Amino acid sequence: MNENVIVRDDGFHADDWTGAMFEIDPAAEIDLDAALAAPLVRVAFAAMTDGRGFTIARRLRAAGFTGRLRALGPLVSDQYRHARKTGFDEIEIPPALAARQPEAEWLRAAARSRRDHRSLIHGLDATRK
Amino acid sequence: MSLDLPASASAAPAPQADAFDAAFLAERAAEFRDQVARRLSGSLTEEEFRPLRLMNGLYLQLHAYMLRVAIPYGTLSAAQMRALAEVAERWDRGYGHFTTRQNVQFNWIALADAPDILDHLAGAGLHAIQTSGNCIRNVTTDALAGAAADEIADPRPYAELIRQWSTDHPEYLFLPRKFKIAISGAETDRAVTRAHDLGLHLRREGDAIGFRVIVGGGLGRTPRLGSVIRDFLPEADLLPYLEAVLSAYNLAGRRDNKYKARIKITLAEMGETAFREMVETEFARIRPGFPPVDPAHFAAIKARFPAPPAPRAPVPLPPALADFARNLAPHKVAGHVAVTVSLKPHGLPPGDATAAQMRALADLAERYSRGEIRISHDQNVVLPHVAQIDLPALHAGLVAAGLATGNVGLLSDIIACPGLDYCALATARSIPVAQAIATHFRDLGLEAEIGELRLKISGCINACAHHHLGHIGILGLDRAGVESYQVTLGGDAGDAAALGEIAGPGFTSEALIPALERLLRAYLAERAPGERFIDTLRRQGPDRFRAALYAGGDDA
């Protein structure tokens with residue numbers, strides 16, 4: 001594998017996107033209007049420890065973004081639920097990471113319960129997203 | 001609560017152990033077991049594993065792993081205390097260390113045992129989640145919450161709400177740096193709200209409950225007292241306001257330099273006005289669509305914290321227990337006191353308790369404090385609801401367990417970090433220095449005479465023992481391979497929160513104690529009747545005391 005891998009709830013995929021893509025670099029100024037109008041927004045994570053993308057995703061969804069939302073970077077499978085809960089649809093990971101953390105790990109992460117205290121607080125169904 | 005009910009029958013349930021949390025904790029323990037296995041198999045690199053392990057409370061220390069277990073808002077049941085005793089005995093060296101942020105640390109953990117320990121803790125409703133790492137940490141509060149005579153409202157239901165909100169919050173697990181929240185519910189701030197990333201001081205205006213919001217406090221290498229960014233935040237706005245602060249910080253906090261990544265630096269660099277504007281703008285944007293807290297859910301949280309005991313007839317303290325009076329705090333209900341059990345016996349490491357002592361505390365709590373135990377910011381244990389009539393029996397029980405030191409608030413009630421004996425970051429020893437100071441002044445017979453004195457000793461610039469807030473603070477540094485102890489004067493952790501000022505060059509460990517003795521003898525000579533050390537220092541200014549400190553040179 002030397003292509004990035006797209007991870008979704010049902011496992012690994014090759015990148016099948018051919019349309020326009022709006023790129024967000026958390027370190028730069030974000031053109032919110034342009035992002036909202038894009039069919040796919042890709043938010044870069046410089047490192048797994050740089051959580052700015054999670055806030056950006058949540059804010060985009062709150063602002064009404066309904067397109068496809070992709071995280072790009074070296075996130076690990078343990079962060080899959082955080083990405084999904086903040087509004088990402090998928091994660092694009094580098095090939096070396098996909099080789100070291102095979103699909104089975106991501107599938108397990110995707111199947112893991114998304115038990116959520118915040119849903120409980122607001123009186124919503126707390127067991128699933 | 002009936003007066004006649006045997007105390008053990010009315011033991012409070014663990015407030016955070018409901019079915020949802022039980023399942024959540026079990027899942028998290030299983031997830032961590034999987035992460036350890038994946039680290040060992042190479043699927044996770046050490047760099048990837050590190051933030052995951054820290055988020056589960058596991059630090060790599062000087063000699064071994066250290067596990068930091070959260071005690072949410074400092075409240076423990078007797079059964080939970082016994083679970084901690086078992087961890088100490090089965091997986092550590094028979095003791096635990098209570099910290100200034102209402103956590104307990106086990107210093108001699110094997111990584112391979114950590115999943116079993118987390119399972120064991122989960123069984124008692126305890127966990128180590130978010131006790132480390134760049135996330136929202138354990139929410140701390142007043143150890144006297146629910147008991148203190150000067151309480152406006154019990155802050156723990158709000159602390160529990162914040163704990164639930166912040167637990168595994170997907171947006172705030174990879175912040176620029178750690179984020180500590182403290183909440184005080186009483187007139188007197190016993191939760192050090194001005195030295196936290198975010199402090200909440202509960203207030204009442206008419207019938208409405210709200211919070212003074214303080215942001216940007218912190219100690220470490222850039223000590224700063226927090227700024228008030230909202231004077232009265234209505235109760236219903238609490239969570240959306242926290243969201244606004246955290247998401248603004250997540251985006252604006254510096255990630256280029258870990259020493260400039262705390263929110264105190266974000267605030268200082270932006271300026272208070274711009275920072276407040278950034279938060280308020282985000283708050284205004286999210287507030288309208290933010291779902292309210294389910295009233296039934298919040299009522300259920302409140303119901304987990306039992307009402308204070310019913311009044312009893314007041315009983316005067318027997319003269320034989322006069323020295324123990326320092327360990328007693330006024331209670332909101334007649335005939336009761338809150339009893340602080342000192343974990344600072346002279347000559348032993350401050351904040352440590354053995355497994356046997358933890359079990360004794362659990363037994364005594366069941367017998368005399370409705371099974372409730374608190375861990376205080378000062379690294380002591382509090383039995384919050386003790387009937388005055390039970391004090392002689394409780395005291396006898398404490399004596400038998402080696403827990404009856406009557407030194408609360410005195411010089412030997414020292415806050416000390418683990419220091420060079422345990423910590424990988426430390427630049428000097430702190431525990432042995434604390435031990436030497438405590439025994440020196442006891443042997444001089446001056447401790448009671450000196451009276452209230454807050455002494456705090458940190459073994460490095462990260463200031464885990466909050467030395468900046470000590471009436472006398474001591475910071476241990478490394479000067480070309482030699483331990484050097486810098487003294488700060490005039491700090492205060494209470495309502496008159498203040499950062500101490502550095503008195504001058506550091507002392508060698510040998511010169512430190514004579515210097516402190518000169519300082520305190522100067523205080524005894526100068527004080528007006530009834531004045532504490534800090535009062536005399538404030539009245540006279542530091543010059544006289546600095547001169548006393550250095551009268552013997554700095555290495556004499």
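Glycine residues also receive a Cβ, built from the backbone N, Cα and C atoms like all the rest.
Unlike curated records, TrEMBL annotations are generated automatically.
What TrEMBL says about this protein:
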DOMAIN    B:65-122  domain 'Nitrite/Sulfite reductase ferredoxin-like'
DOMAIN    B:132-284  domain 'Nitrite/sulphite reductase 4Fe-4S'
DOMAIN    B:348-400  domain 'Nitrite/Sulfite reductase ferredoxin-like'
DOMAIN    B:414-549  domain 'Nitrite/sulphite reductase 4Fe-4S'
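The helix, strand and coil residue counts that DSSP assigns across the domain 'Nitrite/sulphite reductase 4Fe-4S' (B:414-549) are 57 helix, 27 strand, 52 coil. It is B:65-122 that, among the stretches B:65-122, B:132-284, B:414-549, forms the most Cβ pairs under 8 Å with the domain 'Nitrite/Sulfite reductase ferredoxin-like' (B:348-400). Look at the domain 'Nitrite/Sulfite reductase ferredoxin-like' (B:65-122): DSSP puts its residues at 29 helix, 20 strand, 9 coil. DSSP places the residues of the domain 'Nitrite/Sulfite reductase ferredoxin-like' (B:348-400) in helix, strand and coil in these numbers: 27 helix, 14 strand, 12 coil.
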